[in-house]
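Among the features that TrEMBL reports, Mg(2+) binding site is placed at B:Glu62, B:Leu417, B:His469. Residues or ranges marked as Ni(2+) binding site in TrEMBL: B:Cys81, B:Cys84, B:Cys463. Here TrEMBL flags B:Cys466 as Fe cation binding site.
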Amino acid sequence: MTNSFEIDGITVPFSNGQTIMDAALTAGIYIPHLCHNPEFKPHGSCRLCTVLINGRSVAACTTPAGEGIVVENETHELVTQRRLLLKLLFVEGNHTCPGCEKSGACQLQAVAYHCGMLAPEFVHFYPKRSIDASHPDTIIDFNRCILCELCVRASRDSDKKAVFNISGRGIQAHLTIDSPSGKLADSAFNSSDKAARVCPVGAILPKHKGYNIPIGQRLYDQAPISQVGDVAKHQEVADE
Amino acid sequence: MIEQRPVTIEQLETAAQPEKLRRIAIEPLTRVEGHGKVTLLLDDENRIQQARLHIVEFRGFEKFIQGRPYWELPVLVQRLCGICPVSHHLAAGKAIDQLVGVEQLTPTAEKVRRLMHYGQMLQSHALHFFHLSSPDLLFGFDSEISQRNIVGLINAHPDLAKQGVLLRKFGQEVIRVTAGKRIHGTCAIPGGVNKALDSSERDYLQQDIHQIITWGQGALELARKLFMEALETNQQFARIDTHMMSLCQDDGALELYHGGLRVTASDGSRMMDKIDYREYDQHIREEVKSWSYMKFPYLQHLGPEKGSYRVGPLARINNCDTIDTPLAEAGRIEFRSLNNQGLVQSTLAYHWARMIELLHCAEKIEQLLDDPDLLGTDLKLSGEMRQRGIGVIEAPRGTLIHDYEIDDDGLVSRANLIVSTTHNNRAMNESVRTVAADLFNGQEITEGMLNHIEVAIRAYDPCLSCATHALGKMPLVIELQQPDGQIVDRLIKDTQGELKR
Ligand code: SF4
Ligand code: FES
């Protein structure tokens, strides 16, 4: 007899040690998320995966599944709340989808569609951020970073390099690169690193390749993110 | 018989003693994407001495793309213009081919881009002729404003209006098939394209192409007929004599996508030919004038006074020796017979030339759809990176120049764009002056004068939203002003075409 719990009325089996997110992903139930990637230790920072257990808000990616718990996921309130979070993410950075090479294969854009965000609501901050194109193979556009720390975790835990870091707090928080000049070219980063393939948005990208995939064949052109899943899951294949 | 009054472009807009002149300003009330304003300066005898068409151009763009990765350019520059984004996409695409060291694309890549380009040209020309200009031409410049628009056209000539809509739609479908979307798609990438056509896409376009060619023939015949019906008036209206510049094939055939620069002098003699467009800055200079945001390009060896020229359909059809599609070539021969010795200089002949090109594009699309290369798989080449890339294309409104430099990291460090409307800047001013001078009664601004100025500007199909509004919807203010600033007359036309003083 396996353990199980409920998400929006659907019975979901789980094994000991699994989070609500793990169990949902295994069962093919989509809980919107940005800072989560099953390959890395959960971080619980974007709060997009917030669900309700007995009326209490928890992050699905960090909360262990429990026998018989009742989880609310796609309720009107939660979707509205997620939309608000997403709108804030859009105004904090410079996310101009029509010109962005990641458009159509961007997790932020795809989650926003999933949550029914069709237009911006708030005044954009238009922060002044730079581009680091110093590396021969990889470019970093800080304008699009959502501070999910996936590259930080991938570089530290998987590549054993700790090339990336987040510095500063609150609105000052930003991604930094560990090298004498602060430039990617002077760091230990290599384009074959795991950290090069985990960014859910268009912040870490291979150089010279933008728009190679025609509209209609991009990751989220055919099916929504709730069926396709994360960008990172497909990244390795795409790089072949 | 109309008096022969050849006006040269050199007589232009700089009056000898501007401080002594009274001013008439024509200014649109609403500003959507850019706006135009016409100032007319009068001398003491109340003659129109000077015309200045002020256009706000989005020059900030060259700054905006600085520091961006070069491979983003074809997509970013589409946002320069809501009217011909595909032309910017392809000009930037040609420039970045050079940045990655590719001189010649694969046959598939070049043909896919050409298909896209002909689709864009067809839809833009159809929009301009049927929606914006044919009401003026069919009903007369001074006809009821309420009738002189696309709605009036639909009521009076429903078949024609429908053809216009469907021609445009076909061009947009060509763009959609090649770019993935009707607007702001993707296609050109460094050294090639990101997709070819599959056979179902080809078949989809092929099923309509014969109809499109037939309608294109009809449109050309209509444009020809409208011009010939009032030949002498049309030949003189807003007429100026200028040099003409366009790309041309090496054998002198009409070329819209790629070729050498050719300039024919106003007297019909050949001034430049087969010039590698990457040397454009050795031949073309841009003059800045304090009263205009838009620069004034001129041929460097002639200087700013004598070196201005026209671009666009009129220049291209005049410049080429032949057209490599039979129906358009027949149209060209008839067009050029208007003036066998020199160039056809009539400003209103732009419309006729535009329809020769529309038909040519339809014929070209037909040829391409029969070409197996369009379905090929060889999409992209690469080479040695370079610091500078220059892409030039014949956009619907004329020669379009994109010039970029990148740094060692591949980020844009400098950009220079010369858009089609800018080349025609001086010519448009002079055409406006000619029309205004003909019609000004020395007293007040008349509705007829306002209408005719609009028609003259529109012949050039300038890329400013106020001029591309349906006629009668172009909101304008005309002011008659004395040197001391006192306004002695004002005529206002709102978006509904209502006139107020
Ligand atoms: S660069 Fe990408 S992966 Fe790294 S923190 Fe920013 S958004 Fe996350
Ligand atoms: S995915 Fe759970 S907090 Fe970001």
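Placed from the backbone N, Cα and C atoms, the Cβ positions cover glycine too.
Caution: TrEMBL annotation is automatic and unverified by curators.
The secondary structure of B:Glu62 (Mg(2+) binding site), as reduced to three states from DSSP, is helical. Using a 10 Å radius centred on the Cβ of B:Glu62 (Mg(2+) binding site) and all shown protein chains, the other Cβ atoms total 16.
Between the alpha carbons (Cα) of B:Cys84 (Ni(2+) binding site) and B:Glu62 (Mg(2+) binding site) lies a span of roughly 17 Å. Long-range Cβ proximity for B:Leu417 (Mg(2+) binding site), meaning a same-chain Cβ under 8 A and a gap of 6 or more residues, is found for B:Phe61, B:Glu62, B:Val77, B:Leu80, B:Leu400, B:Ile401, B:His402, B:Asp403.
The local packing around B:Cys84 (Ni(2+) binding site), expressed as other Cβ atoms within 10 Å of its Cβ over all shown chains, amounts to 23.
Under DSSP, B:Leu417 (Mg(2+) binding site) is assigned to a strand (E or B) in the three-state scheme.
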